[in-house]
Amino acid sequence: MNWQTWRHITKLDPDKVITKEEIAEIAASETDALMLSGTLDVTPENLAELYDNVRDAGLPLTVEPADPSCARFEGIDYVFVPSVFNAGHPAFITGLHKEWAQHADILWDKVVQEAYVVLNPNSSVGKLTRAKCDLTPAEVAAYGIVAEKYYSMPVLYIEYSGMYGDPAVTRAVSEALSTTRVFYGGGINSGAKAAEMGQYADTIVVGNAVYEAGPAVLKETVKAVK
């Protein structure tokens, strides 16, 4: 299994309700993987419940923990760990990571480091991390260069979190990087938007559309990039 070949990831929130029928439709959508991830009210308990519901979906399973308590390895193929480069609070850059490294038994061969740039100031993640979101495409691309050239991080994640972003940002980041993979997430709720961001991003991540528009729209976004 090679996550670097994935073009489409479906993000599911442990704090949101999803039915078995919807999970079956997601599994049939040809999305490349499931990412279990949320910003608020995610606990080891509701993460475990969501895992139990999707474990037999036949798709690669990943977790993107908001804090160390939800960094689950059992039954998980990869743990994508975000470091919010434009956070206003150092805990979300390296602080929580230090606590995790100090106190947890980490299976490092399953860890994928993500350099996050959060660009929606009204989102939960934007507020929680106090992210500086008024960045130009060139500034976001510069974060990407730091991630790739200085930290050798495998992922630069452009996160608009519920809001459709500026394709110029994704394009600028894509053109600036050569080895780091570009992930884009935020506001993709149609095939047209998936195609627009997918021409620049290596991987698009679709989350809210699953809950707001249903698996049929998810399938449309998959077809647009694969």
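Every residue number used here counts from 1 along the chain in the order it is shown.
Each residue, glycine too, has its Cβ placed from N, Cα and C.
The shown structure was predicted, so the numbers you read here are calculated from the model rather than taken from an experiment.
Swiss-Prot lists K11, Y157, I158, E159, Y160, S161, G162, G207, N208 as binding sn-glycerol 1-phosphate, and of G58, G187, G191 the one it places in that same site is G187. Put simply, T39 (Mg(2+) binding site) is 12 Å from G207 (sn-glycerol 1-phosphate binding site) when counted between their Cα atoms. D13 (Mg(2+) binding site) sits 13 Å from G162 (sn-glycerol 1-phosphate binding site), counting Cα to Cα.
Looking at I158 (sn-glycerol 1-phosphate binding site) and T39 (Mg(2+) binding site), their Cα atoms lie 16 Å from each other. Residue pair K11 (sn-glycerol 1-phosphate binding site) / T39 (Mg(2+) binding site) shows a Cα separation of 12 Å. Comparing T39 (Mg(2+) binding site) with G162 (sn-glycerol 1-phosphate binding site), their Cα atoms are 12 Å apart once rounded.
Report note: the sn-glycerol 1-phosphate site is defined by K11, Y157, I158, E159, Y160, S161, G162, G187, G207, N208, and the residues of the same chain whose CB lies within 8 Å of the CB centroid of those residues, excluding them, are N120, S123, M163, Y184, G185, G186, I188, V205.
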